Amino acid sequence: MQLSRVASTVGFLISRSSTGRGITTPFFSTTSTKMALESYTFGPYKIDSREVFYSTNLSYALVNLRPALPGHILFFLGPYVCVSAYWKRNHASREVKRFVDLTVDETSDLWITAQKVGSRLESYHKASSLTLTIQDGPEAGQTVPHVHIHILPRKGGDFENNDEIYDALDKKEKELKQKLDLDKERKDRSLEEMAQEAEEYRKLFL
């Protein structure tokens, strides 16, 4: 079963430029059936749009198939959502394996938006801290060859030893790649469950 199942009636976060500030601001569209909408991608993998809850012109956030903690999400360079022929010509998707390969605009957008998304998730989950981390390259634990940030709301006692979070991330990263490679039906987190979580997170940005 393919991971990419584009919904015909669900709304999606599409991005547009803010006037005069040179940054991007997301907006919510409920007319996706009338748009020439393409799937989101995570490196070589396709992602179902219902899992995405926040998007700019250059990056997007989605709920995690294998979260290490409540609110553990993934934030990518992206978004690879094409809403028009103009967009397709001027925003070609590309796979970026390493952090050093990001452009200045991509780096800025990624971290500024990660700051915003992280703060909303921290508040939503009544957490007191955040872990934001990049596994940059295979020796650092990166299993999917595309730049992505793990964002995790943190609470006291969520790990007995705080450094255990990195072991947990390594494990979840490997499990995620195995799931994506196998392309099997999810038994631990259904698409419906993830879509519901994404819908809750979308409300944080309205």
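For all residues, glycine too, the Cβ spot is worked out from N, Cα and C.
Under the heading domain 'HIT', TrEMBL lists 39-161. Over the domain 'HIT' (39-161), the average per-residue pLDDT in this prediction is 84.
For the motif 'Histidine triad motif' (146-150), the list of distant contacts is 42-43, 72-77, 95-99, 101-102, 110, 114, 131-136, 169: same-chain residues at least six beyond its ends, Cβ to Cβ under 8 Å. The motif 'Histidine triad motif' annotation in TrEMBL covers 146-150.
Remark: His148 (active site, tele-AMP-histidine intermediate) has Phe42, Leu74, Phe75, Phe76, Leu77, Ile134 as non-local neighbours, by Cβ distance under 8 Å and separation of at least 6 in sequence. The active site, tele-AMP-histidine intermediate feature in TrEMBL is assigned to His148.
Counting every protein chain shown, 16 other Cβ atoms lie within 10 Å of the Cβ of Tyr166 (site 'Important for induction of apoptosis'). Sequence annotations record features per position, and here TrEMBL assigns site 'Important for induction of apoptosis' to Tyr166.
Residues or ranges marked as coiled coil in TrEMBL: 166-204.
Each residue in the domain 'HIT' (39-161) gets a DSSP state, and the totals come to 36 helix, 33 strand, 54 coil.
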